[in-house]
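Got a structure for you, written out below as structure tokens; questions coming shortly.
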Amino acid sequence: LCCPPQXCGPDCASPCC
């Protein structure tokens with residue numbers, strides 16, 4: 001999982017931006 005402030009990208013399970 002990758003959400004702000006971590007930001008989003010290909011390493012994220014879902015586009016939470």
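Cβ coordinates come from backbone N, Cα and C, glycine included.
If you look up Swiss-Prot, you'll see Cys2-Cys16, Cys3-Cys17, Cys8-Cys12 marked as disulfide bond, on the strength of similarity to another entry. The 4-hydroxyproline annotation in Swiss-Prot covers Pro4, Pro5, Pro10, Pro15.
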Counting other CB atoms within 10 A of each CB, which of the modified residues Pro4, Pro10 comes out lowest?
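Relative to the other modified residues in Pro4, Pro10, Pro10 has the fewest Cβ atoms within 10 Å.
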Indicate whether Pro10 (4-hydroxyproline) is helix, strand or coil by DSSP.
coil
What's the CA to CA span in angstrom from Pro4 (4-hydroxyproline) over to Pro10 (4-hydroxyproline)?
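Distance (Cα to Cα, whole Å): 14 Å.
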Which number gives the other C-beta atoms within 10 angstroms of the C-beta of Cys12 (disulfide bond), all protein chains shown included?
14
Under DSSP, is Pro4 (4-hydroxyproline) part of a helix or a strand, or is it coil?
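The residue in question, Pro4 (4-hydroxyproline), is coil (DSSP, three-state).
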